[in-house]
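A short write-up of the structure that comes next.
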């Protein structure tokens, strides 16, 4: 299929900010992909990008295990922009000098522009930027000039405009760099000559054609959860092939209040899709009886979901394709060799090997925020598009310890009150995620002149851009008070409310 847009590729050298670079570029209306630093020059030629960005990274170019790239990339004649480690790598390649700094520089710095190369066109001579480096460039490669300096960094920016090579020691992709977006824009449009052409309207048009070409007259199966990703996948594929799509919705009894009914109403009645609802509450609860360990709960829920889905899928004939809501973030993160497992991933793991489906993953080039935009373009209701991130194990990991029907009801009802009041206060678009959890501890209280010994409910609310890091949300006290009063008065067996004021890190967003 003919490519509809210009592309900038980002080579990943291990920076925690590498996804931000690609996202910033997409926000400009230009498509951007993240690739491992091991990509070859030949593979890049096949992609046919307009320019390349080398990301930052934690290594030293001279250190053991330093990451390098295919040197033939520099012979492609494409504009290259090196950020932090990327600039140091470029310096090393062209014979400049990189040394260990006297002390690691981390935080804001004032940048002074000394040479107005295309990268700094129409930008102020002084600007605040974000530094995060242990090495620095101390000697320019031949043919390069100093573009910018800072107090601790005599070569904070450099360029060889004859070869369209640029480097900066700071991180323009981070919002703390006040003109960072403009600087990246200057590279994308001013240096690479890109045109805007990446938007959801074009994406839908191209993706619908791709789905029709791939599927032909065959049938597609989709596991529908009611979450944003699976909902957008289902609606997009249904728009492409109509009744050739069948969705299976498994109600495992761990959903939020009104969620199961809402899914059936929206997709079966609203979009007129073929949705098979499976009531598996009893099956899941029997498997979870007496289980307290959070990892064990996750595995049981994940495995049982696969078995239920497998049972239902085997009843259907002629299903050739399986649709999944894999996002670009999932692909990028699954390729990170150094990532540690903090907890099993929320999404259900691999399907049984004997399920011989071909995969369709229409969202695998999109970030989460782009999926929401796509959902709105497809006419999916706001309550689904802006639905709170919800883990695959559902309320099962918001009841700490053993799961019982009574505990589930407490979390379900308290969570419904929290969501209702947050929406009433107009905070639902400001807060990334908010929910209640039941830590399993009881405390003494007094209600109606009588002593009580009931459960404590925890409220968790965080602000974030992508969920990788998060800060606790500063919900107004009067709103918190209203939520607390309502939960204690309306939810049985609760006499105390606590608010979680821990950021991520050190805590994770979910409690289990």
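Every residue gets a Cβ built from N, Cα and C, even glycine.
As the structure is a computational prediction, the values presented were derived from the model and not from experiment.
Going by Swiss-Prot, these are the annotated features:
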| type | residues | note |
| --- | --- | --- |
| DOMAIN | 7-197 | domain 'Glutamine amidotransferase type-1' |
| ACT_SITE | 84 | active site, nucleophile |
| ACT_SITE | 171 | active site |
| ACT_SITE | 173 | active site |
| DOMAIN | 198-387 | domain 'GMPS ATP-PPase' |
| BINDING | 225, 226, 227, 228, 229, 230, 231 | ATP binding site |
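Those same-chain residues not listed among 225, 226, 227, 228, 229, 230, 231 yet with C-beta within 8 angstroms of the centroid of the ATP site C-beta atoms are 224, 232, 233, 325, 384, 387.
The separation of residue 227 (ATP binding site) from the residue listed as 'active site, nucleophile', Cα to Cα, is 37 Å. For the pair residue 225 (ATP binding site) and residue 173 (active site), the C-alpha distance works out to 34 angstrom.
On a Cα basis, residue 173 (active site) lies 33 Å away from residue 226 (ATP binding site).
Secondary structure from DSSP puts residue 228 (ATP binding site) in a helix. On the backbone, the CA of residue 230 (ATP binding site) and the CA of residue 171 (active site) stand 34 Å apart. Residue 229 (ATP binding site) sits 30 Å from residue 171 (active site), taking the CA atoms of both as reference points. In this structure, the C-alpha atom of residue 231 (ATP binding site) lies 31 angstrom from that of residue 173 (active site). Geometry remark: residue 227 (ATP binding site) versus residue 171 (active site), CA distance 34 Å. Taking the C-alpha positions, the distance from residue 171 (active site) to residue 228 (ATP binding site) comes to 31 Å. Its own atom aside, the Cβ of residue 228 (ATP binding site) has 24 Cβ atoms within 10 angstroms in the protein chains shown.
Residue environment of residue 225 (ATP binding site) contains 25 other Cβ atoms, counted within 10 Å of its Cβ in all protein chains. The sparsest Cβ neighbourhood within 10 Å, among the listed recorded positions (173, 229), is found at 229.
According to its DSSP assignment, the residue listed as 'active site, nucleophile' is coil.
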